[in-house]
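S.K.: Input: one structure, supplied below.
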Amino acid sequence: MIDVLFLGTGGGMPTPRRSLSSLLLNFKGCKILVDCGEGTQLSMKNAKTGFKDIDIICITHCHGDHIIGFPGILSTIGNSGRTNPLTIIGPKDITRIVKGLTVITPYLPYELNIIENPMQKLSFNVTKENLKLESGGELLIDTLELNHSIPCIAYNFTVKRKPKFNREKAVNYNIPRKFWGDLQVGKNINYEGRVYTPSMVLGKERKGIKISFVTDTTPIDSIISFIEESDMFICEGTYGTDDDIDKAIKNKHMTFSQAATLAFRGNVKELILTHFGVTMERPEEFLGFARKIFKNSYVAEDRMIKSLKFD
């Protein structure tokens, strides 16, 4: 299971109802923060999430409404007692930006591991301490370059699901019971001249959980295959109606209907709209424009929580 907490759902500048762009994923007690706009810490405090267990911060791009809360978050994480390394993932130039922002937080009690503009999937395993970058992990993060006014990337977060234990296969291979547990968790066993592998005791692959996060971009075609069959597609809806399509094109953002079209073409399960323009006081009033195209469309609210479970 993975919990999705919307910390900030506004774009451009905060409003009385909405902090700026931020999202928190909780997987087995380890947390991933996606963007940290103004108000992120306050939302986390109100939601009582804690700060120490944030293992990864993913930045979509370096406009202020997505990153201005970054130095404060780093400082608070340090004050919470964290000493394990913290991974930062971001677009081209994120290393330079992080170095600039951390001038005001120079004495952090933990190491920053920066991954700039990753070109391949990143694999993480849950350990006793944190999410650790290593091959064969149960959590995958991959990115897609978007079309915005500065380098910007989308994210997929995929939780792999382990195949079921197949007792019949284990018996047919005459595998000693004492090795069944180790084989289930992926270990190979050498015993009395034979090699036992996990495939000898496991069934078919099972569908995991996929969450896609796309914001601050025009609706480019590459997004469709990137979000394909996502369980949750979180997408910007800076403008409510297509009356503002010229503004959307000029500023490289999207309308509700454009986001819904991507959701429909990507065959996702549900669309959650976020990153609402400052003039859109009640985004729910425009939800019909999205639902005409994609029925399972919803509007995010600050501190709204969604939980996704395996089918």
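Placed from the backbone N, Cα and C atoms, the Cβ positions cover glycine too.
Annotated Zn(2+) 1 binding site per Swiss-Prot: HIS61, HIS63, HIS148, ASP216, in sequence order, evidence recorded as sequence analysis. The feature Zn(2+) 2 binding site is assigned by Swiss-Prot to ASP65, HIS66, ASP216, HIS275. The active site, proton acceptor annotation in Swiss-Prot covers ASP65.
Help me see these features in their spatial surroundings.
M.R.: Counting only same-chain residues six or more apart in sequence, the Cβ atoms lying under 8 angstroms from the Cβ of ASP216 (Zn(2+) 1 binding site) belong to THR60, HIS61, HIS63, HIS66, LEU146, HIS148, CYS152, GLU236, LYS252, HIS253, HIS275.
Reduced to three states, the DSSP call for ASP216 (Zn(2+) 1 binding site) is coil.
The Cβ of ASP65 (Zn(2+) 2 binding site) lies under 8 Å from the Cβ of GLY10, GLY11, GLY12, MET13, LEU20, SER21, GLY37, GLU38, each on the same chain and at least six residues away in sequence.
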S.K.: When the number of other CB atoms within 10 A of each residue's CB is tallied over all shown chains, which of the binding-site residues HIS61, HIS66, HIS148, HIS275 has the maximum?
M.R.: HIS275
S.K.: Suppose the Zn(2+) 1 site is HIS61, HIS63, HIS148, ASP216. Which further residues of the same chain have a Cβ inside 8 angstroms of that site's Cβ centroid?
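M.R.: Going along the sequence, the neighbours come out as THR60, CYS62, HIS66, LEU146, SER149, ILE150, CYS152, THR215, THR217, LYS252.
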S.K.: 10 Å Cβ neighbour count around HIS63 (Zn(2+) 1 binding site)?
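M.R.: Around the Cβ of HIS63 (Zn(2+) 1 binding site), 19 other Cβ atoms lie within 10 Å.
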S.K.: Which of the three DSSP-derived classes (helix, strand, coil) applies to HIS63 (Zn(2+) 1 binding site)?
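M.R.: For HIS63 (Zn(2+) 1 binding site) - judged by DSSP and reduced to three states - the answer is coil.
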